[in-house]
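Scroll down for the structure; my scribbles are underneath it.
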Amino acid sequence: MILRAEWLKLCTVRGWMAGLAAVPLIMVALGVLFASGSTMSCMDGTREVDCPAPPADSSGRSVQDRLTFVNRELDGDGSITAKVGGLDGTITYPPPNHDEIVRGVVPWAKAGLMIKDGTGPGADYAAVMLTGTHGVRMQSAFTRDKAGPPLREAWLRLTRHGDEITGYVSDNGADYQKIDSVRLDGLPATARIGLFVTSPSGYTVDERAEGGHAVSARWTQATAEFSRISPGGAWTDSLVGYSDYRTTWEQTHPPGYTESGGVITVAGSGEIGPDSENGLAIERTLTGAFAALLPLLVVAALCGSAEFRHGMIRTTLAAIPRPLRLSAAKAAVIGAAALVTGLVAVAVTMPVTVGMLRSHAVVVLAAPWPTVLRVAIGTAVLLSLAALFAYGLASLLRRAVPAIVITTVLVLAPPILAATSVLPATAGVWLLRLTPGAAFAIQQSLPSYPQASRPQTVLDGYYPLSPWAGLGVLALYALAALTAATWRLHRDMTPSSQPAASSERGATSERGASSERGNPSERAASSEGGVRPRGSLRQDSA
Amino acid sequence: MPLGFALLLTAGGVMLGRGGIDAVQLRLLGVRLGQAAVAAAGVQILAGEYGTGLIRATLIVVPRRWSVLVAKAGLLTAGVVPVAVVGVGVAVIGLPLSDALLRAAGESVLHLILVGLLGLGVAAAVRSSAAAMGIVLGLLYLAPMLLWMLPDPDWGRFLYRLTPATAVQALTTTVDDAGLPLGPWAALGVVAAWTVGALGMGAVLFQRRNA
Amino acid sequence: MATIEVNGLRKRYGAAVALDGMTFTVRPGHVTGFVGPNGAGKSTTLRTIIGLDRPDAGTAIIGGRRYAELAHPMRHCGALLDPHALHPARSGRNHLLWLAASQGLPARRADEVLGLTGLADAGRRAAGGYSLGMRQRLGVAAALLGDPPVLLLDEPFNGLDPAGIVWMRGLLRDLAAEGRSVLVSSHLMSELQDMAGHVVVAGHGRVIADAGVDDLIGEYASLEAAYLELTAGVGGIR
């Protein structure tokens, strides 16, 4: 009932409804503008082609999965053991001069043992490996990573027992120590097992004076030597995820393996992990949320301050003399209106823009459906919470303009500043932890993971807080503003109950009482004799 | 009240230390936030009167509306100047003195004054304080972002030069100006053009319309 | 029947004493005038009855209960305190519609009271464009929305044209004749003399006189004369 009244109040002011309607319109318009202008093309050698969609893993996420995999069939349970060492490689045209091909391995070059559900890119795997500078690791599911001892050369072992894959390491070939154990659910009875090598691009980051940084990548290749392989023999050479194109270096040093005197040397180039670079992340279609927030913040702030203009609050409190329920109902209506507006905006923008991008052959990175749903609904919730923050602040301050300025500066400025400006990275990170702008983390569909080669800073679109924690920061701000506003309204409605104030009141009323006794009779006497004192008049009327 | 906020935000840059490539630009980061509060002051000095109905009293006392607007502009400038000078001064305190620093600081002060007047002009044109604030904030913060989303990047870059947002970036930069879309003085000219345009339109509408 | 019982209200704002033991009862069946100099505490009393101001001491009871305890207060007590207390962009009808919704009343009540107050045509226009007289009518419409047995009206004649004053007088008299308790604060003694059956004279935040209009006229010839006599020496704003 109060809810219905507050809803009627909201929808009967035309300007507010226009502001709310602007939210989805702006978001869709900007999404379409963005999609219609985006193009993407890839080079296959010297030929320009439509970019291929990156492979997806079993959860539906776009991944990079390129490696040289020297493998054979493993039927049922079993294991493989090998001594891995001699990790070496090539980096093309690195800084400072970018003019020569040098010998070396990048930090996350990988060489080791792998079990994989076939040799298609994106297939489930588990692997134990040596890395360029990060020691022995066991990795699986494209993001899972467990550190082992920091060895440059090691005996590695990978065993399968049912769905359970366990990795071991030894520095002497006799005493094995377990690194990690992972479950690969749904791994068929027959899987591929073997030796692998891959080497991600070498990255350098250049700060730019006008803000932001430029990431440059260069092609690398790694080689490693495998010996004392048990059981050995019957190898197939699979180039997982490679295209037909070969770099100039690869034309003389092709990926694959050579065997001599019981030592297998494997060469490979590529990355195993979530893909963030070969397409657009899904949240890019929702960038319009920044602009759409502005009319929403204005409307929400006006809803809050309008009660305190023209004495409107007296009409409202005369109808609903319960400040707590009133505040709750108002917040619920504004929050719900913003949420619905946001849901409509997202529900239209996302499919339309993704469709447009795909029709232009622009690759949109795939994400598992729970992630897409989180991004979509989370964006609407973000709009809703931001509206509540603006509403709460405006009804606390009882003025719209300061509330609009403060909420805009706190919600919109931090992500824009952090992503574009000269703010030092650490300042940007703290800004996105402490301000309600942290909530934009809910839009991040790409998982960040520590073993990535590519930088994953704020400037690259990675937020310091996890999606829901970021949204929680905004929720806390909104809750604080709403609570303070409700408290202020409630305080104005109730008498202060401080002991000092009440004793003062007691004294006053005594004074008042004495004057009440004194005054009328004096006046009666000083006026003419015919006037009856007030007491008798009251008797007459009764 | 908004001016106090502006002072705080502008001077807050002093906490950012000396890091980064361009220490002056880093310190003057507060100007980017402070300008919102200055614009709010400009909006409120006029639109606040519409909200309370005080505008009618003002216009009865001073029926020549031109003079009202000019007086408000003068009052606003008188309020913004000390805030901008102190705010920017505190922000760059301790940095080695140089021509570039003086240029950037001076232009930041001018920029803040112009943004305040921009707020006043928009408020005179639209009469509602909240709507005026939305327009000014959109112009200052969102326009540049939206322009980067334009399909044709050349157009985006061209239009980006014409938004007042460019100025802050351009005029607070003291090293490596080559990467910027516009020189610092030209950028200030863009802001001035917006301000004059808004004030002109505001003055015409303010003159013609019912209070 | 529903009465308004104001009992020993005290209220101070800082050093200023607004109410100083205000006590009176408004009974059904006739209009009760509430008069007194500016600053005598009339508006504060009305606001206290509605629960917008909390008294430091004393009670204000409507039909046996405090206003804030009522689940649908506007069904028990309608009030016109400030005709400007509305959102200027909302139409008069929509203003009544949200109020009706808040009291669990059907939407047709809004149209009924619009008709009753002569706003049927203006009801769909934005209330910001209303004249003071139209705002008074809208305020009365809002007060009548819940068909309450008790009505409080603060200066309802302000801004009304002569025809409006006649209409308002007739309306208030009819409402009282239907057995409602009607409390009207006003400075227009001639209006009250024609309309009210009873008058409460306030000064210095308390009741100076509380009498039937006929008694006062019998005593002083006119209500105005009675008022001036009774409030002589009572400063308004202290």
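Any Cβ shown, glycine's included, is placed from N, Cα and C.
Curation does not apply to TrEMBL; its annotations are automatic.
Summarising the annotation, TrEMBL assigns region 'Disordered' to A:493-542.
Packing against the transmembrane segment (A:12-34) from elsewhere in the chain are residues 284-289, 291-292, 295-296, 298-299, 302-303, 306, 337-338, 341-342, 344-346, 348-350, 352-353, 356, 383: each is 6 or more residues past its ends and has a CB under 8 Å from a CB in it. Residues or ranges marked as transmembrane segment by TrEMBL: A:12-34 (among others).
What TrEMBL lists as transmembrane segment is A:286-308 (among others). Residues of the same chain lying 6 or more positions beyond the ends of the transmembrane segment (A:286-308) and with a Cβ under 8 Å from any Cβ of it are 10, 13, 15-16, 19-20, 22-24, 26-31, 34, 316, 330, 334, 338, 341, 345-346, 349-350, 375-376, 379, 382-383, 386-401, 403-404, 407-408, 411-412, 415-416, 443, 485.
Annotation source TrEMBL lists transmembrane segment at A:329-352 (among others).
According to TrEMBL, the transmembrane segment annotation covers A:372-393 (among others). Sequence-distant contacts of the transmembrane segment (A:372-393) (same chain, six or more residues past either end, CB-CB distance under 8 Å): 23, 282-283, 286, 289, 292-293, 296-301, 303-304, 330-331, 334-339, 341-343, 345-347, 350, 402-404, 406-407, 410-411, 436, 439-440, 442-445, 467, 471, 474-475, 477-478, 480-485.
Under the heading transmembrane segment, TrEMBL lists A:400-423 (among others).
When Cβ-Cβ distances below 8 Å are used as the criterion, the transmembrane segment (A:468-487) is approached by residues 304, 323-324, 327-328, 331, 378, 381-382, 385-386, 388-389, 391-393, 395-396, 410-411, 432-436, 438-442 of the same chain, each at least six residues removed from its ends. Under the heading transmembrane segment, TrEMBL lists A:468-487 (among others).
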